[in-house]
Each structure stands twice: as C-alpha cells, then as structure tokens.
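Working notes for the structure below.
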Amino acid sequence: MDARLLQLPWRSLRIADCIFMGKVCFTESSYALLLSDLSSMWCEEAKADIIQDRARELNKRLKAPVSSFLSYLSQIVFPVLNSKDNGQNIFSCHRSEAELLLQVKSQLSGLPFYWSFHCKEATVSTVCRHLVRPLKSMTEALESQNQELCLLLKKKDAEIQEYQDSGAVLTRDRLKTEVFDELKFQKSFLAEKVQGLCMSGKAPGFSEQLQQLYDAVIAPKAPTHPKEEDTGNSASHRPMAESSSISFEKTVPTQERTEGGAVSEPSQVPQSSVSCLTHRPPAGASKPKKKAKGLFM
C-alpha cells in the first residue's frame, strides 16, 4: 500500500485554520492516508477488520460491507482534496501528542454518516521516502535545469552579438537586453526573490509544474508491484473505482426484520478501474507556437 501511495501526487487540504498537504489511496478492503503541515507528518493505514469495527461503532444505524463504506468514504474525500471549499463543513481535526484525529461528518440516505481517521506520527523513514528524498532529487533537477538555461542565455547573447557585428540593428528598443551575467543574477535572486518567497506564507503543497517534477523523480524509484496471485483475496487489494456503487441497509429491530431483508451485495468493480484520490485530469493540448518574427534587419 505504501508503494502505491508513494506514486500519488500531493494535494492541499484546508480544515478551519489548519492547512495540510496530503495523499490517500483506497482499495476494497483498506486505505492509507498521509498528511503533513510541513512541521509534522501523520499517517494511517487501516485494514478490513479495523474498518469494520470502526464503522459499527460510529454508524450503528447503517449496515454494509467494508467495501461499501470505503467506496462512500472515497466519494467524500476525493472532491475535497484541492477544492476551493476544502471541506469546511465536512472535516474537523483535533491534535494531541499521540495522534491527529481527522473526523468526517456527512449524510447518507437521510442518516448521519461519521468517520474518524486516527493518524499517528509518521516514522522518519516515511518522511524521507515521501518528502525528503523526492525534494532533494527535485532540487538537483532544478539546479541542472538552471545551469542549462544559463548556458542557453550565454549562447543567445553570443548569437545577438554576431548579428550586431554583421551590422544588424534592433528595430524594437523595448526588446533590448543587457548581456546576461550569471553571478549578478544569482545574487539578485537570492537577495530579492528568496526572502520574499520564504515570508509569503503560501499554503503547503506543490504547484502544477513542481508536482510534475515530483512525479518524474518518484516514477523510476517506485517499486513495481509483484503480480497478484490468483486467490480469492486478491480482489480486495486492488484499487477501488471512484464510481463504485454503494449498498447500505438501515438497521431495524430484530423482530421487524423479514427473511427477505438481506443486505444487497455491492456491484463488482472492474480490475482495471483505479481509485487514486489525488488523480489529476490530463493536461490539455499545447497551443501551437507562433511563427518567429525577425528582430533584426
């Protein structure tokens, strides 16, 4: 489950005054949740037995298979991640020294639905695997990109100088630039930009471009999953479809139940369907580049 969670992008989650970056993955019989406010990191991985006991404790008037509870829970969590509303009326959180308690309150078939994520402080290895190592790789990649851009700018300056030596004249003065000085640029950037970024108080999380970079550095390192054995339990470990149907039954006193009051089974979920709750829609097609116009004559 942790390997599957590692490959998911980080998304932002705002609950009252608390701002987190998080990722979550559901299967038909378990889930894994990871949250961080960049001061601490918390996680919970729950199996079927824990989920069943917690569902009975929190929702005494609802009866359903574990897969149905997880399906409905996923449909609550998914729209909240990275949304503008960010679940102000759905989620609440309480911190203690031992855990971060993330509580969910919703409605299902006219009845209240409750859930609690009991997140423990993540281990150092988890923090390193999901944040420290990827961030180090991202930093190295950005440094390499910066060096390539500096080389490109120097080549452009040399190209412009050659045009000027040939007698070319710039027709638009507003496009005139100074010769690129890498050392001067770095000093200016550190003095003017970096301090402003550190003091901006921006919510934790990655921009779209940084998230793509995170995905790129994670992809080659994420372990591949061994082929699942053909057993009766293999289906319960497959990622759950976001649109899985939900089958719940309201509990009634025993003397009022009839022999035909059995709980209907949830519909089967295709093996190819995936419930990555931090799924990002595919990027749109890039616009065609404009034809370059000459600046010298």
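Placement of Cβ uses the backbone N, Cα and C atoms for every residue, glycine included.
Pulled from Swiss-Prot:
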- 1-131: region 'Globular head' (REGION)
- Leu111: site 'Leu-lock' (SITE)
- 220-286: region 'C-terminal tail' (REGION)
- 222-297: region 'Disordered' (REGION)
- 232-255: compositional bias 'Polar residues' (COMPBIAS)
- 263-286: compositional bias 'Low complexity' (COMPBIAS)
- 287-297: motif 'XLM' (MOTIF)
- 287-297: compositional bias 'Basic residues' (COMPBIAS)
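The secondary structure of Leu111 (site 'Leu-lock'), as reduced to three states from DSSP, is extended strand. With a 10 A radius on its CB, Leu111 (site 'Leu-lock') counts 13 other CB atoms from all the protein chains.
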